[in-house]
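The structure appears below as structure tokens.
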Amino acid sequence: MFSTELARTVVGIIGNVIALILFLSPVPTFCRIWKKRSVEQYSPLPYLATFINCGLWVLYGLPLVHPHSTLVVTINGTGFVIEILYLSLFLIFSDSKKRLRLVVIVVVECIFVAALALLVLTLVHTTKLRSAIIGSICMIGNIMMYASPLAVMKLVITTRSVEYMPFFLSLFSFLNGVSWTAYALIRFDIFILAPNGMGTLLGLAQLILYATFYKSTKRMMAERKAQSEVDLAGKVGAGVNKNGHVSHINGVV
């Protein structure tokens, strides 16, 4: 018989797979950053939010806090490591001012998670209360993760371009929200349900924006490419004319 617990496990595994794809979806973005040796207008906020979010959910899923949550720990532990790699690339290819700000935020986030773990595990003595305290904070962290692209969404609306809002990040944010919402509904968990329900709506909003401004983005990128080719041709032509003029003078002399 297909039990509730089995259904929860299956949905949790699906959620792990989708979340892993979500964590890996910015890889093309970071390949571009690596090639250009610059972060350009890409924002580190989604990765900073995901970094602390994963740290909090690893803490929530520990047996000493919320037993029987292995799937929560495995995927968020993996995500934590992946976000460290992304933030390292931001540190390498950002200017000194942005780099300092990034380091400060990462240090503050690490201190916060460590202090929370120390206080809750030493001062609170039941898993129910530990789950309630850390789960409430996790909700805030998860909402921050899902809401972090709002700044990018504002940029999209202002510029009418989705160039700096990676499609796969938006798609898998939506799918991740759907899967973990289902997981939380099978055995009701408000701490997982609330932020992921909101994440589903925000992910959908990003996809709608992408569909709305996709054509205008392609048009602007094509115009920019054409303009750069014209500028390059102009520079080459100017160089040829200059060389021809110098030769003429040398011939007269």
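Glycine is no exception: its Cβ is also placed from the backbone N, Cα and C atoms.
Note that TrEMBL annotation is computational and uncurated.
Annotation comment: TrEMBL describes 6-24 (among others) as transmembrane segment. Long-range contacts of the transmembrane segment (6-24) within the same chain: residues 50, 71-72, 74-75, 78-79, 82-83, 169, 172-173, 175-176, 179-180, 182-183, 186-187, each at least 6 residues beyond the stretch ends and with a Cβ under 8 Å from a Cβ of the stretch.
Annotation source TrEMBL lists transmembrane segment at 45-65 (among others). Beyond the ends of the transmembrane segment (45-65), by six or more residues, the same chain brings 23, 26, 71-73, 76-77, 79-80, 83-84, 86-87, 90, 102, 105-106, 109-110, 112-113, 116-117, 120-121, 127, 130-131, 134-135, 137-138, 141-142, 144-145, 147-149, 151-152, 169, 191 to within a C-beta distance below 8 angstroms of the stretch.
The transmembrane segment annotation in TrEMBL covers 71-93 (among others).
The transmembrane segment annotation in TrEMBL covers 100-125 (among others). Panel annotation: around the transmembrane segment (100-125), residues 44, 48, 51-52, 55-56, 59, 64-65, 87, 90-91, 94, 133-134, 137 of the same chain, lying at least six beyond its termini, place a Cβ under 8 Å from a Cβ of the stretch.
Here the transmembrane segment (131-152) has long-range neighbours at 43, 45-46, 48-50, 52-53, 56-57, 59-60, 65-66, 116, 120, 124, 164-165, 169-170, 173, 177, 189-191, 194-196, 198-199, 202-203, 206, meaning same-chain residues at least 6 beyond its ends whose C-beta is under 8 angstroms from one of its own. Under the heading transmembrane segment, TrEMBL lists 131-152 (among others).
Residues or ranges marked as transmembrane segment in TrEMBL: 164-186 (among others).
Within its own chain, the transmembrane segment (192-214) has Cβ neighbours under 8 Å at 72, 138-139, 142-143, 145-147, 149-150, 153, 156-157, 160-162, 165, 167, 170-171, 173-178, 180-181, 183-185, counting only residues six or more beyond its boundaries. What TrEMBL records for 192-214 (among others) is transmembrane segment.
Long-range Cβ contacts of the transmembrane segment (71-93) within its own chain (Cβ-Cβ under 8 Å, at least 6 residues beyond either end) map to 9, 12-13, 15-16, 19-20, 23-24, 26, 30, 33-34, 37-39, 44, 47-48, 50-51, 53-55, 57-58, 60-62, 99, 102-103, 106, 192.
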